[in-house]
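These notes concern the structure reproduced below.
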């Protein structure tokens, strides 16, 4: 008897876990997708609409009522309509009084209005508790089910209890709420979905600018110069040869630019004698996009690897190899192996392989899924110590491969240096300055400054 009764109690549902009813104003794409997701999560959903006729698009377990009737059934009302249609809410002010209104709207452009949509809604209905949320999640993501706990939902509002209620809904949908503070943060949250890769703009434009510059530089030296002075047509170099020269050059320069702002920051702190002063804005923005610079550099390095692997398949390489073999056969003379060239060839290949391996390791550890599983010291070791080692190896790889042209007069076409010489300028500057910074006489005061010591403290104790 007791056994049966205990089984019945175990199988009985817990009434305390029942979800509260949520009202949604708006039956558009996002309103329907959000309602469907909430029903799947166990929330009773009621739609407030101008038309109470149930459409096939509305989730079948949802109820459709007039705006006033729907609002009376729920304490939380999600406003899934655009700002220009907010005026219909004014006659409902009495019904909505004391309710939690969740504004999920976005604008068509940055800072489209003087105040955020959520602040405007709070001004329109002063008796309500307005919370901004869900505007960074798309209807497609809700419908396709491609949601996971790593997807953050920004939440802000002036009422702490109202925010907590909304964040509970966010968690129930399998998302991660991020409290951004008061309703004053709504403008920033509304601008977020309108930004197109904000941290990628500078790295992308820089890489495109460098690619364009080096392309025309190689075009002038390798094709135009050769055609004018040697009467040979090497225009087919545009397909493989020139890209295979540009990619490693840009990869090396961008990798050096990842570590250059850290070196500049150290010099500025040594000069100022304190860490309690802001860096220049350009340096702050530069340091924030170092990850993006490194990933783009890795992409160019990977292209260089692919271009190098397909080089033996080229007709030009086959022709040049066959020409050398025929020339030796006609002259009945075999050229002996040049040990110096063999060492240089194997050395630059080995340096390139090791450098690319560390390059890939840096890229992997920058992924959130990997970086979240290592502590700060481990992450710093990989990104700083191994990062500088990767820069040294890649610089040495380029130096061994292109160093022979430094003293060769034929390499200076139109008195311009070879592209490999240009690629070594920034990396060598970074490595030389970093070498100076690790001297004990420089490193010790820099470490003290970063620990809080000041040369000329503003306030004496």
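Every residue gets a Cβ built from N, Cα and C, even glycine.
Per TrEMBL, the feature domain 'Pyrroline-5-carboxylate reductase catalytic N-terminal' maps to 21-107. Look at TrEMBL and you will find 249-394 tagged as domain 'Ferric oxidoreductase'. Annotation comment: TrEMBL describes 204-229, 249-271, 292-310, 347-365, 386-407, 419-442 as transmembrane segment.
Between the transmembrane segment (419-442) and the transmembrane segment (292-310) there are fewer than 3 Cβ pairs closer than 8 Å, counting only pairs 6 or more residues apart in sequence, which means the two stretches are not in contact. Counted with DSSP, the domain 'Pyrroline-5-carboxylate reductase catalytic N-terminal' (21-107) comes out as 32 helix, 19 strand, 36 coil. If you look at the transmembrane segment (249-271), the same-chain residues 6 or more away from its ends with a CB under 8 A from one of its CBs are 203, 206-207, 210-211, 214, 279, 283, 286-287, 290, 293-294, 296-298, 300-301, 304, 359, 387-388, 390-391, 394-395, 398, 419-420, 422-424, 426-427, 429-430, 433-434, 437, 442, 445-446, 449-450.
The list of residues near the transmembrane segment (292-310) in space but at least 6 beyond its ends in sequence, with Cβ under 8 angstroms from a Cβ of it, reads 199-200, 202-204, 206-207, 240, 243-244, 247-248, 250-252, 254-255, 257-258, 356, 359-360, 362-363, 366, 394. Under DSSP, residues within the domain 'Ferric oxidoreductase' (249-394) fall into helix, strand and coil as 123 helix, 0 strand, 23 coil.
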